[in-house]
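Trainee: This is the structure, below, for whatever I ask next.
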């Protein structure tokens, strides 16, 4: 190990230590927040020292205690991921082996058939701890409510005892809801360093957003109902509902936020989400209304508690917006006989992504507003100039695309305008640690495994490392779906040498058809039309929005935007808010909240735009020209012959997963599954058996 690598390892350990300290400190704050010790001692002391500042006033306490640590944590996460990105394959896998040996059991499925879906031991542990935090907070608040509120104290406010307690219970429930809201946006920040630093992807984290979303709406709805009952008992329902206090909680703003939240919540019902995806998709833009009026409701001082996650989400969302403004070069499309198309885009060689990554695609000629996620089937290492996605016709949007490209008039289409966001995926993968890799798919669930196979083909010849034996178990409804197997290898980039290092076996099952003749099956698979396009000069190769050092650039955006934000707030507070307010909370809450939100928006927009333009000027003009001049490498026959010779097709039956998976030999067998819910549950159940200690389960799901 060289001096540079040793220094990098030391820096890596220091960053991990700092991140752990910040995380533990934040957890302690959340645990102590509902206690009297926090309110009467800690908070009082902090407000005495910071709350009277002429530069920040009362919001300065929450700005320092809640917002600053999370922005710093995200910043350190970016630095950690940048260092990790340059780790060699052998270094990475040696480290992974040690970690997996210790914590492999925590990744095993624990809950399989339940409302939460497939949940691992680790997820159950963290879910239990989070629910314990909510119950701890609620219990502390309720105890203080029932102890401190007496008949005498209630009478001074003109309330009965039950009314006074109901009033405080409603407040406490709302405060507990803020805990859930504080974590709500982290899982949907697709390019977040916080997700990548702990090995999570945006797709795998969606379920956490769903869980938190349900909790947020259950708690906030209960909060609102308690107040409605209280106001009705006081004969003040209408007047209180329309009340917008200048220097206190705004009831009307809270109701608007709640209605926006309820509209989003209703559309998440599975039948509505699947059958009326457009309704679900468009209604979720109400998150802007929800968060805006939530801040107006509670005031900026209290809103800073759950705001860090939203801040990180805003940075990510605006970067995605900048990327989506460009049309990308769609080079060609392959139309398969199974109502499936493969779109091939030109890619900047500096854009690197891991297998199983996803990309969001927008085609304005089909829908100007709809964005749909698709798994990337190409390998950024094997195909440095091309990025490919496979799209199965399963909804209105994808059906329109297939009809457009498969119709007889498709020859008249010279260009298709496409915009993309992404790719998004794991910061690294650890498939090489396994002795063998078993991939189980159903239908279009084969797509993430195509990218894995291609990546391992490349690594087998270039890194000269041992590649796990691969077994692909794929189930299809019809024989025409077998044409998806022809996409396992790309049309260019492979050489004969690569095939000699790979051991792969494919077991394909056609469930709805009996055995057909070899001639008919081959005929169905060979009907693949290729459509070439002529992109405009303005169309660009898909490129990383923040350049080759994207994590460093994101760290710069997070740090600079936050520093500029606190400087702007300090100036405005010192020369505008403080002369009026004098730390007496007399300044209108809505105006102060608006100042903070506008300042955040301005800093995020300016720093993100500046970073994007700087990277575009420095890297892309030169590399775009390079991409256009690259000549394709035609695939040799041996790799394709290997796939054909390794494929075993079974007609009229489903894969017997118990027979195929139970008793697999080897100290480490990776089991990956992507397909229908029942298939994923079946595989998870097999891997959860006590006798399956050598099976390491991972589920890849398209369904939210």
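Every residue, even glycine, has its Cβ placed from backbone N, Cα and C.
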Trainee: Would Swiss-Prot have residue 106 and residue 468 facing the same side of the membrane, if we go by the names of the topological domains it assigns?
Mentor: yes
Trainee: Given the model, what does the mean pLDDT over the topological domain 'Lumenal' (574-592) come out as?
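Mentor: A mean pLDDT of 86 is what the model gives the topological domain 'Lumenal' (574-592).
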Trainee: Around residue 373 (FAD binding site), how many other C-beta atoms are within 10 angstroms of its C-beta?
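Mentor: Residue 373 (FAD binding site): 18 neighbouring Cβ atoms within 10 Å.
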Trainee: Could you give the number of helix, strand and coil residues in the topological domain 'Lumenal' (37-62) as assigned by DSSP?
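Mentor: Looking at the topological domain 'Lumenal' (37-62) with DSSP, the answer is 17 helix, 0 strand, 9 coil.
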Trainee: For the topological domain 'Lumenal' (574-592), find every same-chain residue at least 6 residues outside the stretch whose CB is under 8 Å from a CB in it, and list them.
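Mentor: Same-chain contacts beyond the ends: 51-52, 54-55, 57-59, 244-248, 250, 253, 296, 299-300.
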Trainee: Within 10 Å of the Cβ of residue 372 (FAD binding site), how many other Cβ atoms can you find? Include all protein chains, please.
Mentor: 19
Trainee: Counting each residue once, how many in the topological domain 'Lumenal' (308-329) are helix, strand and coil under DSSP?
Mentor: 17 helix, 1 strand, 4 coil
Trainee: If you count Cβ atoms within 10 Å of the Cβ of residue 375 (FAD binding site), leaving out that atom itself, what do you get?
Mentor: 26
Trainee: Are there residues at least six beyond either end of the topological domain 'Lumenal' (37-62) with Cβ under 8 Å to its Cβ atoms? List them, or say none.
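Mentor: Here the qualifying positions are 29, 300-302, 304-305, 566, 569-570, 573-574, 577-578, 581, 583, 585, 592, 596.
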